[in-house]
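Annotated features, as they stand in TrEMBL:
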- 1-16: compositional bias 'Gly residues' (COMPBIAS)
- 31-52: compositional bias 'Low complexity' (COMPBIAS)
- 230-239: compositional bias 'Acidic residues' (COMPBIAS)
- 127-225: domain 'Cytochrome b5 heme-binding' (DOMAIN)
- 1-20: region 'Disordered' (REGION)
- 31-57: region 'Disordered' (REGION)
- 226-247: region 'Disordered' (REGION)
- 78-96: transmembrane segment (TRANSMEM)
Amino acid sequence: VGGAGRGVGEGRGRGGGGRRWRAVMAAGDGDLKLGTLGSGSESSSDGSSESPGGAGAAAEGGGWAAAALALLTGGGEMLLNVALVALVLLGAYRLWVRWGRRGLGAGAGAGEESPAASLPRMKKRDFSLEQLRQYDGSRNPRILLAVNGKVFDVTKGSKFYGPAGPYGIFAGRDASRGLATFCLDKDALRDEYDDLSDLNAVQMESVREWEMQFKEKYDYVGRLLKPGEEPSEYTDEEDTKDHNKQD
């Protein structure tokens with residue numbers, strides 16, 4: 001009987017401890033329920049009965065301790081969360097610095113039309129060397145150059161063929177010799193008409209390849225005239241038909 005009594009007492013003692021653990025867990029969640037600790041008479045492990053007042057006092061002391069532990073634990077988690085958020089914000093800021101400013105720069109430039117966008121499409125016509133030189137991107141916003149006797153409007157490629165571009169030397173000039181010989185010096189330019197007769201077969205093939213590339217990418221405007229050659233008269237229908245082929 002004594003053993004049974006002790007078993008029952010131990011069982012009740014464990015049951016009371018279980019309720020106290022639940023109270024501590026509830027305290028950790030910010031909802032401490034002291035009533036579970038002091039409701040009724042609780043049996044201790046030796047079978048003696050605890051008074052409701054004693055249980056309430058013990059519960060109150062244990063509850064405050066649990067609440068303090070919960071606050072400390074919760075504060076550590078909060079600091080960890082704040083640190084993680086700070087790292088995320090720092091990463092986002094660095095991405096903005098790297099890419100956002102580029103986007104802002106592009107947005108600012110978007111409001112300003114590029115030379116190619118602000119200029120109407122050029123009507124088809126032929127050019128002498130003197131007339132071609134007027135379209136070098138400095139005296140005229142439109143940029144033209146000639147390749148193998150063909151004149152192309154390269155204004156939309158102004159970052160390459162404009163005054164500050166790497167191939168700006170060809171703007172308003174016959175670029176055939178320079179492209180054939182891969183030369184970007186003034187020696188590749190001629191002030192008079194250049195018939196390219198001294199170029200070898202490989203160089204002439206290179207000129208033709210460049211001509212095809214320019215035809216695919218830029219608007220063909222007309223022919224580069226030889227000395228004494230008269231310009232052709234192009235009708236609006238021919239001009240429209242030629243532009244439609246390029247589109």
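From the backbone N, Cα and C atoms, a Cβ is placed for every residue, glycine too.
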### Summary
Taking DSSP helix as H, G and I and strand as E and B, the domain 'Cytochrome b5 heme-binding' (127-225) has 41 helix, 18 strand, 40 coil
### Query
What is the average pLDDT across the domain 'Cytochrome b5 heme-binding' (127-225)?
95
